[in-house]
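Feature list (source: TrEMBL):
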- D89, H125: Fe cation binding site (BINDING)
- C93: Zn(2+) binding site (BINDING)
Amino acid sequence: MTSNIEELKSTGLKATLPRLKILEIFQKAEQRHMTAEDVYRILLDERSDIGLATVYRVLTQFEQAGILDRRNFESGKAIYELNEGQPHDHMVCTVTGKVEEFYDAEIDRRLKEIAEERGWVVHGHAITIYGVSPGVGNNKSGAAKPAGKSKKAGA
């Protein structure tokens, strides 16, 4: 935990219990991409008395400090992940909401090339591919309903 205290201090944040607990959750979780509600559920499972408002506040502070990256996929919810300094893009399953990371040097090279051809200087990019992940229904058609967007019968 000492390294987490130092990490927080190096970003200008005090090492409070909520900050330390939430940072530890991101470091130890099998799931790399989490919403504020996911973090809160883990805290509840650990019998922590850290409230949801505190979770949102800490996640915002971590994002501003560069500890976490925030993504907004189609679900409309902010998804957070540790900023480990490695460039990567995402594939999102429109059925399950599963997020998978990938890196492709050729895509990265080509994007920089396109920008430079047009006189741009690249500071970064974000690519999100939406589709149906392996093993989910008929993932060849892409006709599956998006996660969280179902219609009621007769509507």
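Placement of Cβ uses the backbone N, Cα and C atoms for every residue, glycine included.
In TrEMBL, annotation is done automatically, which means it is predicted and not curated.
It should be emphasised that the depicted structure is a prediction, and the values quoted were computed from it without experimental measurement.
Take the CB of H125 (Fe cation binding site) and look out to 10 A: across all protein chains shown you find 12 other CB atoms. In this structure, the binding-site residues D89, C93 were compared by how many other Cβ atoms lie within 10 Å of their Cβ, and the smallest count belongs to D89. With respect to their backbone Cα atoms, C93 (Zn(2+) binding site) and H125 (Fe cation binding site) stand 20 Å from each other.
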